[in-house]
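Student: This is the structure, below, for whatever I ask next.
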Amino acid sequence: MNGTSTTGNGFTNGTNYPVPKLELQPETTSTSPTRAQTHPLLPSVSDDELHDLICVGFGPASLAIAIALHDRLLETAHSPDITTVPKICFLEKQSNFAWHSGMLLPGSKMQISFIKDLATIRNPRSEFTFLNYLQVHDRLLDFANLGTFLPARIEFEDYMKWCASKFANLVRYRTEVLDVTPSEVDPVTGKVHFFTVRSKVLETGEVTTRKARHVVVAIGGKPNIPAEFPTNSRIIHSSAYCTTLPSLLNNTLKEYSIAVAGSGQSAAEIFHDLQKRYPNAKTSLIMRDSALRPSDDSPFPSVNELFNPERVDQFFNQSEKERQHFLERHRSTNYSVVRPELIEQIYADMYIQKIQYPDETQWQHRIFSSCLISKVDSDKSEKLNLSLQHCHSENTTMNGTHNEEMNADALILATGYVRNAHESILASIEPLLAQKHMGWKVQRNYRLELDKNQVDVDAGIWLQGCNESTHGLSDSLLSILAVRGAEIVQAIFGAQISNGN
C-alpha cells in the first residue's frame, strides 16, 4: 500500500475502513450481562498494513487513549467529513489486561476518587465511566450505600478490565515489543515518514514487524531492585507480592520469618497484610527513614489539586529549577508516605505488643527504623541472611556495634519503580532526537522532540508515564488519564477527532 501520504482526516491511505453503523443490543461478557456495540468503531487491522497508531503497552494509559478515541469517533460517527476510522493496534506483554495484580491485597482500597476514572473528568456521559460500569453490573445502588468515593482496588481493576474488553479486537496480548526503529528515508522528502515496531510472540518466539506513522510508548515502570540485592528467588519485588509469595511460602500456619524493605504505602500495606496472611510468622519492616510518614491528601490547592489536569500546564511552563524545587517540596504527596489510617492501624498493633512484651526483641512484628540492608547472603537452609546497618541518615552510618543480623525466609522489596524502559526500546531513535544533549525531551503534548530535518511532521512518537520531570507528580498516576488520553488523541489525529469538548 502507499504509506507516504495521509487523507484529509489524518488517516493513512490504503484500505479504507468506513465508519461502522451504530447498533446497540445486549451482549454477554465473562463477568455479567452488559450492552456493547455489535460493530466496533475501531475495527481490527492486519499486521502488514500501515497503522495510524501503535501503542506499545496496554495498561491504563493506553486504555485511556483507546477510550478517548472511541468516544470522539462516536460523536462524529454521523459527520459527513468522517468517512474512515484510524487503524490502530495495541501490543501488550501480559497475557491479559492487569493492573498491579501483585498488589491487589484483600481489603485494599483506591487512594483516589472513582470520579478520577478513565473517562468521567473528560466526559461524564461516556459509557466508560466507573458509574456506568456499576450500573451495567447491577451494583450502582449497592456501591452508593457504601458511602465512599474510594472503591476496593480489586473492583477498580475489574472496572478497567471491563473497559479493556471492549477493545479486545485491537490488542495483541502476550506480545513483547523488542524495538522501534525509523523507516527508510522517503526518496522524495528525504525524511523518515513512519516507524517500524518489531515484536515477539512470547509463546512461540515468532517475530513480527508492523509499521506506524505514530507510536505511543506506555510501558509503565520497571521494578527498582537496588544493586545491593542479589538475584534470589526469595527476594521479591512488591509488584509480585500477591502472585509470587503464596507459592514460595505455601504453609500459611508455619512460623516463617519475613522481612519487608521500604517506607511507603506498598511497604506498609504488605507489612500489615503479612500479619494476617501468615499469623504465626515473624515480620519485620526495615526502612531508612526514622518513622512511617503520613501522606498529605488535603483537598486544599496546596495538596490534592496538585494532581488536577490543569496543573500540568503550570508545571510544564516553569523553569527546570522551579520544577525540581516543586517536586522536592511536594514529595510527601506521592513518595515514601502512607495513608494516615494505615499508620494508625500499624501503631495500634505495635502498642498491643508493647503491653504484652516490654522487651521489643520479643515482639512478633517489629519495625526497624533508621536502618538499611547493607548485605544479603543465603545459607545452606536457603534462608536469607540480612545485615542491617543503623544510620543517622541515608548516607551516614553509626559505629559497627549497632549493626544487626537477621535471618529471613523471604524479603519483599517495596523499593519503587524506574521509568526508563523506553530508552532501550527506542535506542535506534536516539540519533533522530532534536536536542541530543537534552535526552528524551517531550513537548507539552507528550510528543518526543525529533529533528524536523530528519523526521516528517506527520510521523511522531509519544511517551507516557516517564515524564515526571517535565509534567509533574501526576505523570505516572491515574488521576489525569482521562484528560491526557484525549490530549494524545488530539495531538495525533487533530481537531476532527479531538476530545469533543
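Glycine too: its Cβ is placed from the backbone N, Cα and C atoms.
Take a look at what Swiss-Prot says about it:
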BINDING   E92, K93, Q94, S95, N96, F97, A98, W99, H100, Q111, V177, S476, L477, L478  FAD binding site
BINDING   K116, N304, E305, L306, F307, N334, S479  substrate binding site
BINDING   S263, G264, Q265, S266, N334, Y335, S336  NADP(+) binding site
COMPBIAS  1-16  compositional bias 'Low complexity'
COMPBIAS  26-37  compositional bias 'Polar residues'
REGION    1-40  region 'Disordered'
Student: Return the single residue from the binding-site residues list (H100, K116) that has the minimum number of other CB atoms within 10 Å.
Tutor: H100
Student: Hey, for the NADP(+) site built from S263, G264, Q265, S266, N334, Y335, S336, who else sits with CB inside 8 A of the CB center?
Tutor: G262, A267, V337, V338, A414, G416
Student: Nearest of the binding-site residues to G264 (NADP(+) binding site) by CA-CA distance, picking from A98, V177, F307?
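Tutor: Out of the listed candidates, the nearest Cα belongs to F307.
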Student: Would you identify the secondary structure of L477 (FAD binding site) according to DSSP, in three states?
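Tutor: Once the DSSP labels are grouped into three classes, L477 (FAD binding site) ends up as coil.
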Student: Using all protein chains shown, find which of the binding-site residues A98, V177, L477 scores highest when you count other CB atoms within 10 A of its CB.
Tutor: V177
Student: Are there any residues in the same chain, six or more apart in sequence, whose C-beta is under 8 angstroms from the C-beta of S266 (NADP(+) binding site), and if so which?
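Tutor: Listed in sequence order: M103, S238, A414.
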Student: N334 (substrate binding site): which of the binding-site residues E92, Q94, V177, S263, Q265 have a C-alpha within 10 angstroms of it?
Tutor: Q265
Student: Suppose we draw a 10 Å sphere around the Cβ of Q94 (FAD binding site). How many other Cβ atoms does it contain, all chains included?
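Tutor: A 10 Å sphere around the Cβ of Q94 (FAD binding site) contains 16 other Cβ atoms.
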Student: What kind of secondary structure is S336 (NADP(+) binding site) part of, going by DSSP in three states?
Tutor: coil
Student: Looking only at DSSP and grouping its letters into three states, which state does K116 (substrate binding site) belong to?
Tutor: coil
Student: Other than its own, how many Cβ atoms are within 10 Å of the Cβ belonging to E92 (FAD binding site)?
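Tutor: The answer is 24 other Cβ atoms.
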Student: What is the interatomic distance between the Cα atoms of Y335 (NADP(+) binding site) and E92 (FAD binding site), given in whole Å?
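Tutor: Rounded to the nearest whole number, the Cα-Cα distance is 27 Å.
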Student: Name the residue among the binding-site residues F307, Y335 whose Cβ has the smallest number of other Cβ atoms within 10 Å.
Tutor: Y335
Student: Considering only the binding-site residues N96, F307, L477, which residue has the minimal Cα-Cα separation from Q265 (NADP(+) binding site)?
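Tutor: If we rank N96, F307, L477 by Cα distance to Q265 (NADP(+) binding site), first place goes to L477.
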Student: If one measures from the C-alpha of N96 (FAD binding site) to the C-alpha of S479 (substrate binding site), what distance in angstrom results, rounded to a whole number?
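Tutor: Rounded to a whole number, the Cα-Cα distance is 23 Å.
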